[in-house]
Amino acid sequence: MPKGGRKGGHKGRARQYTSPEEIDAQLQAEKQKAREEEEQKEGGDGATGDPKKEKKSLDSDDSEDEEDDYQQKRKGVEGLIDIENPNRVAQTTKKVTQLDLDGPKELSRREREEIEKQKAKERYMKMHLAGKTEQAKADLARLAIIRKQREEAARKKEEERKAKDDATLSGKRMQSLSLNK
């Protein structure tokens, strides 16, 4: 018994079993391919083959060739079950002449929101500089209060200086009067 009591293969990989229906379907597909190859060998150039096959080979387009390539590349059960994915988008290449470079370019949601945000910011700044926003009005009111306080402080300082000058002048007069006596 292996360590850890595990049963099974290497590194825990799950075994895949093929159902009997799938085996029968694969065998039938192989037999069908063998018959088609024999018919092609017997037919030679294809002049005596099925008229449907000849018509298809004459009228084949690039899209049909791509579908045939896709059919050949399928593996396993995919070849037996015809499923088309509705979400699969076939990529088509555009020619340079088909490209529309001069037409209006569609913007993504993020790009549109970014442009709108920039325009809104510019409008706000214009209104702010004109003094029409609430913030600008508050700023102007605060500046007016500060100006008044500075004017009052300058006026008080000037009055104190004049008072000091008057006091020194009056003190000198008193001194000179007392010396004169």
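Using N, Cα and C of the backbone, Cβ positions are placed for all residues, glycine too.
What TrEMBL lists as compositional bias 'Basic residues' is 1-14. According to TrEMBL, the feature compositional bias 'Basic and acidic residues' maps to 30-59, 102-117, 151-167. Residues annotated as compositional bias 'Acidic residues' in TrEMBL: 60-69. Taken from TrEMBL, the feature domain 'Casein kinase substrate phosphoprotein PP28' applies to 85-162. According to TrEMBL, the region 'Disordered' annotation covers 1-117, 151-181.
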Tally of DSSP helical, extended and coil residues in the compositional bias 'Basic and acidic residues' (151-167): 17 helix, 0 strand, 0 coil
Mean per-residue pLDDT computed across the domain 'Casein kinase substrate phosphoprotein PP28' (85-162): 88
Composition by DSSP (helix, strand, coil) of residues within the compositional bias 'Basic and acidic residues' (102-117): 9 helix, 0 strand, 7 coil
